[in-house]
Structures are given as C-alpha cells and as structure tokens.
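Step one of this worksheet: look at the structure below.
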C-alpha cells in the first residue's frame with residue numbers, strides 16, 4: 001500500500017446555490033432552492049445551507065421541499081454560468097498540479113505529491129487553494145487531505161462548510177472506524193440497508209467482519225469495503241477519466257418473480273441515473289437492461305433511442321419495454337440492473353435541472 005501520495009479532495013460548498021447568492025445579494029441568508037417550479041414534477045438540484053436547516057436536500061422532489069420550507073426561494077438556475085465558474089475553479093487547481101480528476105462541476109481530486117509550487121505540505125496546498133477560491137471567486141470550498149482518494153473524499157465532508165480535514169496514514173484506521181458506513185463513498189441506499197441488517201453501522205463494526213464473510217454477504221462490495229475500512233485503496237488520481245456509462249444495479253435479498261417489483265426497481269434506478277447524468281452534464285442514447293436469474297444465467301438487452309436524453313421517465317420507459325420483451329415471469333430474478341451508455345456532453349440550454 002502506497003502511503004506516500006498526497007491527495008486532496010476539494011468539494012465546493014452548496015455550489016450552485018452559493019454562486020447564485022454571490023451574484024444576487026437578495027438571495028443571501030435566505031433558503032434558496034435550485035430545481036425549478038415546486039408546483040411541477042421536479043427535483044432539487046441543490047440548495048443553500050439556509051434551506052438545508054429545514055431538511056431540504058438534493059434529489060428531493062421540489063413539492064416535498066416546498067412543504068418542508070414554505071418560504072424557500074425556488075429558481076431554475078443557470079447551468080452555463082455554473083460551468084463557467086467551475087472552469088475558473090479548475091484554473092486555480094491547475095496552478096498547483098495538472099493531475100486533476102474532476103468528479104463533477106463542484107468537486108475534484110488533486111494529486112499534489114509533486115506540485116508546481118514545490119510545497120511539501122499538502123495541507124498548506126489545500127488551505128491556499130481554499131483561500132484563493134474565496135479571494136478570487138467569493139466562494140467557499142471544503143477539503144479533505146490524505147494519502148488515498150477514498151479517505152480524502154470522506155474527509156472533505158467532515159467539517160463542511162469551508163472546513164479542512166487531514167488524515168495521515170497513522171490516523172487512517174481510527175478515523176474510518178468512527179465514520180458511519182452510509183458516509184463511505186460507493187455505499188448507496190441498497191448496500192446501506194444490507195449493512196444495517198447485518199448490524200454494521202460504523203467503520204468499527206465493519207472491521208469486525210472477515211473478508212470472506214463480507215464477500216459472502218455483499219459480493220464485490222464486501223471485497224472493496226474490507227480494504228477501504230483499513231485504508232487500503234491505491235486508486236490513482238486519473239486526469240483522463242471520462243465516464244462511458246452511468247448505471248445502477250442491485251442483488252435482491254430474495255429471488256423475485258413479480259414483474260411489478262422489477263419495474264419498481266427500474267424506476268428507482270432511472271431516477272438515480274438521471275441525477276448522475278445531470279451532475280456529469282451528460283446524456284445518453286442507449287439503455288441497457290441486465291437480468292440475472294436464480295441459476296446465475298445473465299442476459300443483457302439494449303435499446304438505442306432516437307435522441308439523447310437524461311430524462312428519468314424516458315430511461316424508465318425504454319428499460320420497462322426491454323423488461324417486458326425479455327422477462328416471461330417463469331423464472332425468478334436474482335439481480336437487475338439499468339445502464340445508460342453512448343454518452344455525450346449535454347448542450348447547456350437543454351440541461352434539465354427539474355428532473356421528473
């Protein structure tokens with residue numbers, strides 16, 4: 001395990017909302033919600049910290065957000081402007097290193113082991129980047145500093161907003177032991193529910209399990225979690241990373257025969273895929289359905305649409321059509337997955353912030 005790398009994860013604080021509050025003084029100090037008209041079927045893209053105090057969060061239906069925060073200010077947002085500001089932030093990063101791996105408009109990994117300024121302390125690099133972003137752009141960022149990407153990302157969320165958390169190799173396991181497993185990068189709702197059923201709530205709980213037992217219960221997730229909680233993750237910062245597909249799949253606790261359960265899973269997946277596509281500023285043209293039967297036979301079916309989309313309803317309709325064509329209801333299903341491929345950058349004027 002290489003512990004000599006110096007990795008920073010920068011995560012902008014409530015990015016879209018903060019840009020709007022910076023540019024529009026009338027929004028400052030008020031609950032601002034970006035996601036469109038609450039009277040329509042939309043989702044929250046992000047919201048200000050003032051709105052979060054009411055329980056509003058990203059991916060929440062705007063109607064629900066309006067009930068939680070009746071005095072909230074709802075706007076559609078300006079994606080082209082957010083991209084412009086994101087590029088300004090990226091330019092600040094590039095003053096320190098060219099090894100930058102963007103995850104979305106508002107977050108990125110930086111490898112500053114050998115940085116352009118010759119600074120020995122990654123902590124000082126992170127602080128300087130935070131200060132520069134604030135001084136030049138009037139925005140705050142949180143930072144996590146560690147020797148691998150997994151820990152750096154968790155650390156960046158530890159002291160939001162405008163915080164910095166440093167985790168050394170010596171501190172890594174103790175730090176991870178206190179973290180709820182729901183905060184582990186890559187642990188989604190389904191995996192979290194499985195972990196909770198196993199009595200695993202924190203990193204400390206996770207460490208009590210053997211590698212074999214975790215793999216038996218969680219398959220590939222178990223393999224990765226066993227290593228992550230011990231600080232064993234050597235994924236490099238990849239400046240050339242480009243997502244070729246966006247998808248979601250789940251293994252059922254019990255084999256499923258009911259097509260309605262399968263369709264419900266596809267609807268949930270479509271919403272999650274839409275959310276990720278919007279964050280990546282991409283849309284796709286090919287929908288792929290994956291089914292694994294109880295005997296472990298696996299099939300994949302795909303449908304190429306007439307136009308590119310990041311719309312959950314269109315993605316779901318295509319996946320549901322593939323399901324009806326593929327599944328007879330005679331054999332039970334162990335796993336179902338939905339993926340959108342054939343991706344390309346979305347034109348800003350067409351980018352959907354409203355969701356469903």
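Count begins at 1; order follows the chain as displayed.
Each residue, glycine too, has its Cβ placed from N, Cα and C.
Going by Swiss-Prot, these are the annotated features:
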type	residues	note
DOMAIN	7-188	domain 'UmuC'
BINDING	11, 106	Mg(2+) binding site
SITE	16	site 'Substrate discrimination'
ACT_SITE	107	active site
Within the predicted model, mean pLDDT of the domain 'UmuC' (7-188): 94
Cα distance (Å, whole number) from residue 106 (Mg(2+) binding site) to residue 16 (site 'Substrate discrimination'): 8
Other CB atoms, at most 10 A from the CB of the residue listed as 'active site': 20
Other C-beta atoms that fall within 10 angstroms of the C-beta of residue 106 (Mg(2+) binding site): 23
In three-state DSSP terms, the structure that residue 106 (Mg(2+) binding site) belongs to: coil
Cβ neighbours within the same chain of residue 11 (Mg(2+) binding site) - under 8 Å, at least six residues apart: 106, 107, 141, 142, 143, 144, 153, 156, 157, 160
Structural state of residue 11 (Mg(2+) binding site), classified by DSSP into three states: strand
